[in-house]
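Q: Encoded as C-alpha cells, here's the structure I'll be asking about.
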Amino acid sequence: GCGSGGDTTASAGGADDGKITMGFAQVGAESGWRTANTKSIQESAKAAGIELKFSDAQQKQENQIKAIRSYIQQKVDVIAFSPVVESGWDNVLKEAQTAKIPVILTDRAVDSADTSLYKTFLGSDFVEEGRKAGKWLVEEYKDSTDTVNIVELQGTTGSAPANDRKAGFAEVIGAESKFKVIASQTGDFTRAKGKEVMEAFLKSNPDIDVLYAHNDDMGLGAIEAIEGAGKVPGKDIKIITVDAVKDGMQALADGKINFIVECSPILGPQLMDLAKKVVAGEQVPARVLTEETTFTPEQAKAALPTRPY
Amino acid sequence: MSSGILTSARLRLPGRLRSAYIPVLATAGLLAAMFVAGGVRYTGFASGQVVLNVFIDNAFLLVVAVGMTFVILTGGIDLSVGAVVALSTMVSASLMTDGGWPPLLVVPLVLLIGSALGLAMGCIIHYFDIQPFIVTLAGMFLARGLCYVIGTDSISITDPAYTAVAQARIALPGEMAVSVSVLIAVAVAGAAAYVLHYTRLGRNVYAIGGSEQSALLMGLPVARTKIAVYTISGFCSALGGVLFSLYTLSGYGLNALGMELDAIAAVVIGGTLLTGGSGYLAGTVLGVLVLGLIQTIISFEGTLSSWWTKIFIGLLLFAFILLQRLISARRA
Amino acid sequence: MAPPAPILQMSGICKEFPGVKALSGVDFRLLPGEVHALMGENGAGKSTLIKVLTGVYDIDGGRITLNGQDVVFAGPLQAQQAGISTVYQEVNLCANLSVAENIFIGREPRRLGRIQWKRMRRRAAELLAGLDLHIDVSAPLSSYSLAVQQMVAIARAVDISARVLILDEPTSSLDSGEVEQLFRVMRRLKAEGIAILFVSHFLDQIYEISDRMTILRNGSLVGEYLTSELGQVELVGKMIGRELADLEKLEDRPPARTSEPLVQTEALGRSGAIEPFTLTVHKGEVVGLAGLLGSGRTEIARLLFGADHASTGALRIDGEPVTLRTPRLAMNRGVAFCSENRRAEGLIPDLTVRENIVLALQAMRGWHRPIPRRTQDELVDKYVAALNIRPADPEQLVRNLSGGNQQKVLLARWLILEPRLLILDEPTRGIDVGAKAEIQRLVAELSDGGMAVLFVSAELEEVLRLSHKVAVLRDRKLVAELPNDDGLTTGVIMETIASGGRA
Amino acid sequence: MTALVRHRLFWPAAVLLLLLAANVAFTPGFLSIEMKDGHLYGSLIDIFRFGAPLILVAIGMTLVIATGGIDLSVGSVVAISGALACLHISGLPDQNDVGGVLTAVGLALGLALVLGAWNGFLVAGIGIQPIIATLIIMVAGRGLAQLITDGQIVTVNSASYKLIGGGYWLTLPFSILIVLAVLALTAFLTRRLALGMLVESIGGNATASRLAGIRSRGLTVAVYAFCALCAGIAGLMISSNVSSADGNNAGLWIELDAILAVVIGGTSLMGGRFSLGGTVLGALVIQTLTTTIYSIGIPPETTLLFKALVVTVVCLVQSPAFREKVFQRRGRRRPAAPQATDDEKVEVPA
Ligand SMILES: Nc1ncnc2c1ncn2[C@@H]1O[C@H](COP(=O)(O)OP(=O)(O)OP(=O)(O)O)[C@@H](O)[C@H]1O
Ligand SMILES: Nc1ncnc2c1ncn2[C@@H]1O[C@H](COP(=O)(O)OP(=O)(O)OP(=O)(O)O)[C@@H](O)[C@H]1O
Ligand SMILES: [Mg+2]
Ligand SMILES: [Mg+2]
C-alpha cells in the first residue's frame with residue numbers, strides 16, 4: 001500500500017546524486033512486529049531506489065556493532081539501526097563519524113551524551129505508550145472508587161520496551177491509590193508464555209479487573225487463558241495491550257480487547273526520506289516521532305480492513 | 001593452499017603426534033580458504049583490517065573461549081560464562097557510573113568476583129560430585145539474576161580513563177589498527193597456551209580429561225586441578241566481561257545472551273573433544289576466528305533476510321565442519 | 001635372626017561395600033627389602049586391601065602404620081608423597097597422553113616451572129630401555145597394546161623413588177621375557193631395601209620372586225607364610241579352601257583332529273599392523289597364537305573378527321569368500337571375539353552382570369526381539385556357576401566386580417553365543433588358578449563339541465596345553481605353524497620365535 | 001523405608017513434593033481439582049498441561065543423552081513443526097477438516113523425523129561431535145521456521161487442531177494423554193524390548209558395544225530421529241495450544257530445560273544408564289518451579305535468583321557425596337582403634 005507514494009520520491013532522489021547505499025542493522029527477528037518493521041524498511045528502500053545492506057543481529061548488541069563496523073568498512077552512504085540497547089554505542093558511532101558516515105537511529109534511542117554522533121532518531125516512545133495505556137485506564141475508571149486490581153504481563157525482562165512500557169504505565173496509574181498492580185510477571189512477549197502466566201494469575205488471584213499486556217501477542221495468549229477459566233475477556237477482565245498487529249486488532253474489534261496503544265513498525269518511508277535528506281546534507285529534526293495512535297473497538301473495526309500487517 | 005600447510009607440517013612433525021595436530025591444521029587451512037573465498041566474492045573483504053576487525057569484534061569471545069577450553073579439556077562444561085560476562089559489565093558500569101569508583105579498583109574487583117564464582121562452582125562440582133552442567137547452569141541463573149538485581153536498564157560507562165582505553169587504537173603498519181582488547185586477548189591466549197603445554201597444571205588438565213579415575217590413581221592433584229579449571233574459566237569470563245564493557249562502554253543484564261554456546265562451539269570447532277583430554281588452544285583461537293569470519297561474511301553478503309541469515313550461518317557451519325571432518329579422517 | 005621391623009603394618013582392616021563385605025579384620029605387614037606376595041582367589045579382596053591402604057577407598061575399621069606411625073591417606077597423592085608407589089590392577093594411565101608423559105606426569109623435569117619436554121622424553125626412553133622396551137615415547141599411549149601399557153605403568157611406579165612399591169597383577173598380559181625384565185628390576189629394588197607388595201595369579205612367578213606371602217580368602221586373612229615353606233598344592237588349597245583335584249587332569253593334551261576347514265585366510269594383511277598371512281582353522285580345532293609383545297597376535301584376531309579392515313588378501317569362511325566390514329558381519333558368520341582389553345573394549349561398566357553377559361546375544365537378535373527374562377536368568381545362572389563369578393549376583397553392576405570376575409563375565413558373554421569360531425585374546429588375564437582350570441576345561445570341551453578356537457595367551461604353557469596347532473608370530477609376521485605333537489615344548493616355540501621360523 | 005530412600009527417584013520426587021508444598025502454603029487451594037464444563041481444572045492439571053511439551057522433548061532427549069550425545073536442535077524442531085502444521089492448516093478451505101489437519105500433522109512430524117535423522121547421520125555416519133552436529137539445525141532450523149511463517153505469527157482457527165494442545169478428552173487434557181501415550185511407548189520400546197539396554201550400552205562404552213555386535217550407527221540415527229519426533233509433537237502441542245505458530249519464539253531455550261530435566265532425573269550427561277521416570281519427574285520439577293514463581297509472585301528481576309537457588313538445592317540434595325558430608329559427619333578420617341581379629345582361624349607360620 002505505502003509503496004506507491006514512495007516511488008515518485010525515489011526517482012527524484014535517484015536523479016539527484018546517484019544511488020544511495022544504506023546499511024541497516026536490524027535487532028533481529030524476534031517478533032512479528034519486528035518482521036513487519038524489516039519488511040517495511042526493505043520495501044520502501046526498494047521503492048526509494050536506495051540500495052539497502054541489511055543485517056540481522058539476532059538480538060545481540062555485539063553483532064550490531066560488528067555490522068555497523070563492517071558498513072563503515074564498506075563505505076556506505078548512510079547507516080541506520082535499531083539499537084538493541086540504549087547504551088554502549090559511543091565507540092562505533094565515533095568511528096562512523098570519523099569516516100563521515102551519517103547515522104540515523106530508528107525505533108529506540110541511545111543514551112549517548114554526545115548527540116552529534118547521530119543525525120536523528122526516528123521512532124516511538126515506549127514510555128509514552130505506557131502512559132497512553134495508563135491514561136485510558138484512569139479515564140475508564142474515573143467514576144469508580146473501588147480498588148482496581150491490575151495484572152501486568154511484561155515483555156522480556158530487561159528489554160527496553162518492557163522497562164519503558166512498565167514505567168510509563170506505573171507513572172500514570174501511580175497517581176491514584178485505587179489502582180493496584182496485584183501481579184506482574186514476564187511473558188517474554190509471546191502468546192504461549194502469555195497464556196501460561198495468565199492461567200497462573202487466574203488461579204492465584206480470584207478477582208482480576210484489568211490486564212495490561214506489553215504487546216498484543218501476550219494479550220492474545222491471555223485471552224485464551226481467561227476463556228479457559230470460564231470468564232469473558234473484555235468484560236469480566238478489561239484488557240489493554242500495545243502494538244496493534246492484525247490479530248490484536250481483530251480481537252479488539254471482537255470486543256475481547258478493550259484498548260490498544262499503537263506502536264507502528266512502518267518506519268520505512270519516513271526513514272528513506274530522512275536518509276535522503278541527511279545524505280544531501282539537509283537539516284533534519286533531532287527527533288522524528290512515528291505517527292501513532294490508539295484504538296478502541298470501534299476504531300479498530302474501521303481500521304481493520306486496511307491494516308497492512 | 002590448505003594442502004601446502006598440511007604437507008609442510010607433515011614433514012616436520014615427528015611420527016604419531018602428527019595425527020593429533022591434523023584437526024587443528026585442517027581448521028587453519030579451511031579458515032584461510034574461507035578468507036580467500038570471501039576476498040574473491042566481496043570487494044573490500046581482502047584487507048588486513050577485515051582480519052583485524054574479526055579480532056577486535058571477538059576479543060571478548062576469545063578470552064571466554066580460552067577459559068572454556070580449560071574446562072572442556074577436563075571433560076567438563078561451563079554454562080555460566082555468558083552470564084558472568086553480563087554480570088561483569090553490569091558491576092563495572094554500575095560501580096563506575098553510579099558509584100563513581102575508579103576503574104583501577106573496579107576491574108580487579110570484577111575479576112575477583114568472576115574467579116570467586118568459578119571457584120565456588122568448581123568446589124561444588126568436585127566435592128559434591130555433581131554434574132558440571134547443572135552446577136554451572138545454576139551459576140548462570142545466579143549471575144544473570146544478580147544482573148537484574150543491579151538493574152534492568154543498561155548503564156553507560158562514562159569514566160574518562162575507561163573511555164580512553166576503550167577508544168585507543170594501536171596503529172599497525174599499513175594503516176591498520178587494533179584495540180587494547182585485542183592485545184589483552186592475544187596475551188591471554190598466549191599465556192593459556194603456555195600453561196597448557198608447559199606447566200604441570202596444564203598437563204594435569206589433559207590427564208583428567210583423559211581419565212579422571214586414572215589421574216587420581218596416578219597421584220595427580222585432581223581436586224586442585226578441577227577447581228582451578230573452573231576458577232580460570234570464571235576469571236576469563238570476568239575478563240571477557242571487562243573487554244565487553246570496553247567494547248560497548250556499557251553494562252547490561254541481557255548482554256552476551258547465549259555466549260556460552262558460542263564459546264563451546266568455538267572450542268569444539270577448533271577440534272577439541274567435548275569428552276575431554278584432546279585439543280589445543282590454537283584450535284580454540286581458530287574456532288573463534290571461524291565464527292567471527294562467518295559473521296563478517298554475513299554482513300558483507302548484506303542482502304540476506306533475517307531467516308536466510310540463520311540458514312546461511314547453519315550452512316556455512318555445516319560445510320566447514322564437514323570439510324574439516326573429511327580432511328582429518330583421510331589424513332589420520 | 002629377628003626379622004627387621006615392618007615398614008608397613010595394617011591391622012584389623014575392615015571394608016564394606018553396599019551388600020559386600022570385602023575385607024573383615026585383615027592383618028598385613030610388609031618388611032623392608034622383601035617381596036611379599038598377596039594371594040587369593042578372584043574377589044578375595046587383594047585389590048581392595050591395596051586401595052584401602054593407598055586411600056582410594058575410605059577405611060571402615062582398622063589401622064595402618066607406616067614406619068611406626070599411624071597414617072590415613074586421603075588419596076593416592078598423599079600415599080605417593082608418603083613413599084608408597086602403586087601400580088593398580090587395571091592399567092590406570094591416560095591413553096590420550098604420550099608414553100613419556102604417562103611416566104612422568106606429576107613429576108615432570110622442569111626448569112623455572114617450565115616443563116622440559118626434550119629431557120622428559122629422553123629420560124622416558126632410557127627408563128623403558130632399562131626394561132628392554134624400545135618404543136617411540138612421544139606417541140600417545142593409546143597406540144600401544146595393553147602389554148606395553150602395563151610396562152609403562154610399571155616403569156612409572158618403579159621410577160618414583162619410594163620405600164614401598166605395590167604391584168597389583170602387573171604381569172597379567174606380559175610374556176616371560178618382560179616378566180624377567182620386571183623381576184630383574186624388582187630384585188634390584190629389593191636389594192636397595194625397598195619393600196615390594198606383589199599380586200599375581202601365576203604361581204610360578206610367585207615362587208620365583210616372593211619371599212613371603214599373605215593369603216586372603218573371602219575378605220578374611222588365612223595366614224602369612226614364608227614362600228619357601230609352603231608348597232604349591234598347599235597354597236592353592238589355602239586359597240580356595242579345598243583341594244584342586246582337576247589341575248593335573250588338564251596336563252594331558254587333547255588329541256589332534258582332522259576335519260574340514262572353517263576359516264581360511266589367503267595372504268590376509270593390514271598395512272602397518274600385520275603382514276599378509278595364510279592360516280587355516282578347522283572345525284573343532286584349537287589354534288594357539290604364540291609370539292612376543294607386539295608381535296601381532298591381537299592384530300590377527302581383530303582382522304578375523306572384522307574389528308579392523310584388511311588391506312590385502314582374502315578371507316574364506318566355509319570356503320566362501322567374505323569381507324568382514326563390521327564385527328557384526330563376523331558374528332553373523334559365527335565368529336566371536338573376546339578382547340584382551342576388557343576395560344576399553346569389553347565391559348559396559350554401568351550395566352549389570354546379567355546385561356553384560358547377554359549383550360552380544362541380544363545384539364545378534366536385534367532390539368525388537370528381547371531375550372525372555374527367564375532364558376536370560378537361566379543362561380546367566382549357568383555361567384555364573386560354571387565360571388564361579390562372585391558375588392553370584394547377576395544384578396550387581398559389573399564395575400563393582402573384581403578384575404578377575406569381570407574377565408569371567410566377558411568370557412561368559414561370548415560363550416553363550418555358542419559361536420563356530422571363538423577368538424580368545426588373553427582370556428585368562430587376571431583369573432585365579434581354580435577358575436583358569438575351569439576355563440581351560442570349558443574350551444577343551446567346546447572344541448570337542450565342534451567349535452573352533454583361536455587362542456591367544458601370553459602364557460605359553462597354557463597355549464601348549466590347549467592347542468592342536470600353534471602359529472608363531474614375530475615382528476608382525478606369521479613365521480611358522482607347528483603341530484602340537486609330543487615334540488613341541490615352550491622351548492621349541494621360543495626357539496622358533498628367536499630364529500624367525502627359519503630353523 | 002531405607003529402600004525407599006535408596007531408590008534413585010526418591011530425591012527428585014522429594015524436591016517435587018517440597019515445591020508443591022511451598023505452593024500450598026502460598027495458594028491454599030493449590031491442590032484442589034474441580035470439574036468445569038466437563039474438564040478437570042486446577043493448578044496440578046495445569047502443571048501437567050504446560051509441562052507436557054517439556055516432558056515430551058525431555059523423553060527424546062533422555063535417549064539421546066543415554067547414547068552419550070546431546071541434541072541442541074529440539075527448540076528449532078519445535079518451531080518448525082508448529083510452523084509447518086499451522087501454515088498448512090491456514091491454507092485449508094475448511095480449517096476444521098479432520099483430514100486436512102491430519103495431513104498437516106503428518107507433514108510436520110515427517111519433517112521433524114527427517115531433521116532428526118539428519119542429526120543422527122551427522123553424528124553416527126560422519127562422526128561429527130553431537131553438540132556441533134545439532135547446533136547446525138539449531139541455528140539453521142530457526143531460520144527455516146521463520147522462512148515458513150515469513151517471520152510472522154501464523155494464526156489458525158481450527159477446533160480439530162486445537163484439540164492436540166488445548167483440547168480435552170475423557171475430562172483430561174488431550175496433551176496429557178499424548179504424553180502418557182508417548183511415555184508408554186518409549187517405556188515399552190526401551191524396557192520391554194531390548195532397545196534400552198542397547199542404547200545404554202552404546203553410551204556406556206561405544207567401542208565395546210561395536211565389538212559386541214551392536215549396530216550402533218543405525219540405533220543412533222533412530223534415537224536422534226525419535227528425539228526430533230518428540231520435539232515435533234511438542235511443537236504441535238505448543239502451537240495448537242495458542243492456535244498459532246510463532247517461528248521466532250516457539251521452543252526457544254527448551255533444549256536447556258530438557259537437558260536440565262534429564263540431569264535432574266539422574267541420567268548422566270556422559271551417557272549410559274538412563275531413567276525415563278526420573279526425566280518425567282525432572283520436567284515436572286522445572287514446570288512446578290515456573291508455576292511456583294507465578295503463584296508466589298516472585299518479580300521477574302529475581303526469578304533467576306530463585307531458580308538458581310532451587311536448582312542448587314535440587315542438585316545438592318541429590319548428591320550422595322553432599323548428604324554424606326553434611327548430614328552424617330561420621331569421623332571417617334579418624335584412624336580407628338585396631339579390632340581384635342576374632343573367630344576366623346588365623347594360621348601363623350612357625
Ligand atoms: N566399588 C565396589 N563396590 C562394591 N563392591 C566392590 C567394589 N569393589 C570391590 N568390590 C567387591 O569386593 C570384593 C573384593 O574385590 P577385589 O577387587 O579386592 O578382589 P581381588 O582380590 O583383587 O580379585 P581379583 O583377583 O579378581 O582382582 C569383590 O567381591 C568385589 O565384588
Ligand atoms: N615393542 C613394540 N614396539 C613398537 N610398537 C609396539 C610394540 N609392542 C606393541 N606395539 C604396538 O602395539 C600394537 C598392538 O600390537 P599387538 O596387539 O598386535 O601385539 P600382540 O602380539 O597382541 O602382543 P601383546 O598383546 O602381548 O602386546 C601394535 O600395533 C604396535 O603399534
Ligand atoms: Mg584385584
Ligand atoms: Mg595382544
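Heads up, the Cβ atoms here are built off N, Cα and C, so glycines get one too.
Here TrEMBL flags D:40-65, D:72-92, D:98-118, D:130-148, D:168-189, D:219-238, D:250-269, D:276-298, D:304-322 as transmembrane segment.
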Q: At least three Cβ pairs under 8 Å linking the transmembrane segment (D:276-298) and the transmembrane segment (D:40-65), pairs spaced 6 or more in sequence?
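A: Answer yes: the transmembrane segment (D:276-298) meets the transmembrane segment (D:40-65) with 3 or more Cβ pairs below 8 Å.
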Q: May I ask you to check whether the transmembrane segment (D:130-148) and the transmembrane segment (D:219-238) make contact, with contact taken as at least three Cβ pairs under 8 Å and only pairs 6 or more apart in sequence counted?
A: no
Q: Against which stretches of its own chain does the transmembrane segment (D:304-322) lie, if we need a Cβ under 8 Å and a gap of at least six residues from its ends?
A: 11-12, 14-15, 19, 260, 264, 266, 285, 289, 293, 298
Q: Give the nonlocal contacts of the transmembrane segment (D:72-92) in its own chain as ranges (CB under 8 Å, at least six residues past its ends).
A: 53, 57, 60-61, 100-101, 103-105, 107-109, 111-112, 115-116, 119, 131, 134-142, 144-145, 148-149, 154-156, 158, 161, 227-228, 230-236, 238-240, 244-255, 258
Q: Cβ pairs under 8 Å with the transmembrane segment (D:250-269): which stretch of D:40-65, D:98-118, D:168-189 has the most?
A: D:40-65
Q: Six or more residues out from either end of the transmembrane segment (D:219-238), which same-chain residues have a Cβ under 8 Å from its Cβ atoms?
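A: Beyond its ends, the transmembrane segment (D:219-238) has Cβ neighbours at 52-54, 56-57, 59-61, 63-64, 66-67, 69, 71, 73-75, 77-82, 85, 105, 108-109, 111-113, 115-117, 119-121, 123-125, 164-165, 175, 178, 182, 195, 198-199, 202, 250-251, 254.
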